[in-house]
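> Not my notes, these are from Swiss-Prot:
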BINDING   G10, A11, G12, K13, G14, T15, R127, S136, Y137, G199  ATP binding site
REGION    30-59  region 'NMP'
BINDING   T31, R36, Q57, L58, V59, G85, F86, P87, R88, Q92, R160, R171  AMP binding site
REGION    126-163  region 'LID'
BINDING   C130, C133, C150, C153  Zn(2+) binding site
Amino acid sequence: MKIILLGPPGAGKGTQAKFISEEYSIPHISTGDIFRKNISDKTPLGIEAKEYLDKGQLVPDEVTINIVKDRLSEDDCESGFLLDGFPRTVYQAEALDSFLNANDNKIDMVLLIDVPRELIFDRMTGRRICPSCGASYHVKFNPPKLKDKCDICNNDIIQRKDDTESTVKDRLDVYEKQTEPLINYYKKQGVISTIEGSGEINQVFQRAKSALGAVCK
């Protein structure tokens with residue numbers, strides 16, 4: 001089964017991707033993970049990607065397509081995969097379709113996680129992280145016991161650059177402008193299914209399983 005997850009930043013795609021990957025025994029392929037590794041290793045790709053990500057912008061198509069193709073060519077993708085973070089533009093989607101078609105494959109379902117913009121904004125701007133131990137918090141949904149202090153190591157928790165109000169607004173604007181046309185692209189192919197992304201994590205997962213059941217019979 002070959003699946004794509006779509007949805008705005010902060011919609012919980014990464015969390016649902018892990019659940020789906022485990023449920024259906026397919027690899028979870030996150031372009032975010034690929035970029036983070038390159039950024040950590042300070043590769044040319046990582047340096048270039050970081051410049052865009054720090055501004056809340058999407059990484060250009062040409063930087064991402066070949067690395068995704070290489071990943072999809074690995075043995076563990078023969079029985080299927082779940083793409084999280086790719087494609088983000090119609091151009092990327094067309095490149096993916098061409099690659100899959102050349103190998104007699106196709107996308108089985110595009111799962112769109114739909115969350116209101118206002119909720120996304122609250123989710124993202126409220127996130128905090130401990131720079132020392134990596135523990136994560138949320139000022140509204142998962143606050144630390146002591147304000148601005150990590151429960152684990154007692155160091156100050158911080159807001160990442162990606163989670164500031166201005167950056168979140170920019171990221172959502174970029175998503176709406178560049179990514180949402182994918183919805184129409186996949187609607188024309190008849191492979192898109194939309195689920196409500198609000199509520200408890202397990203509730204969203206049950207909705208995802210119900211939608212995916214149509215291609216798992």
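Every residue number used here counts from 1 along the chain in the order it is shown.
Cβ from N, Cα, C; glycine included.
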> Out of F86, Y137, which of the binding-site residues is least crowded by other Cβ atoms within 10 Å?
Y137
> Find, among the binding-site residues listed as T31, Q57, the one whose Cβ has the highest number of other Cβ atoms within 10 Å in the structure shown.
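The most densely surrounded of these binding-site residues is T31.
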> Near the region 'LID' (126-163), which residues from the same chain, at least 6 beyond its ends, have a CB less than 8 A from one of its CBs?
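Distal contacts: 53-54, 56, 171.
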> When the number of other CB atoms within 10 A of each residue's CB is tallied over all shown chains, which of the binding-site residues G10, G12, G14 has the maximum?
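The residue with the most neighbouring Cβ atoms within 10 Å is G10.
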> Residue list, the region 'NMP' (30-59) vs rest of chain: Cβ under 8 Å, 6 or more residues beyond ends.
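Contacts of the region 'NMP' (30-59) (Cβ under 8 Å, skipping residues fewer than 6 from its ends): 14, 17, 67-68, 71, 83-86, 88-89, 161-162, 166-168, 170-171, 174, 178-179.
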> Could you round the CA separation between C130 (Zn(2+) binding site) and Y137 (ATP binding site) to a whole angstrom and send it over?
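Distance (Cα to Cα, whole Å): 8 Å.
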> On the Cα atoms of G10, A11, G12, K13, G14, T15, R127, S136, Y137, G199, which are listed as binding ATP, what is the maximum pairwise distance in Å?
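Roughly 20 Å, rounded to the nearest whole number.
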> Cα within 10 Å of R160 (AMP binding site): which of the binding-site residues G10, G12, G14, R127, C133, C153 qualify?
R127
> Within its own chain, what residues at least 6 apart in sequence put their Cβ under 8 Å from the Cβ of C150 (Zn(2+) binding site), listed in sequence order?
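Counting only residues 6 or more apart in sequence, the Cβ neighbours of C150 (Zn(2+) binding site) under 8 Å are C130, S132, C133, A135, Y137, P144, D156, I157.
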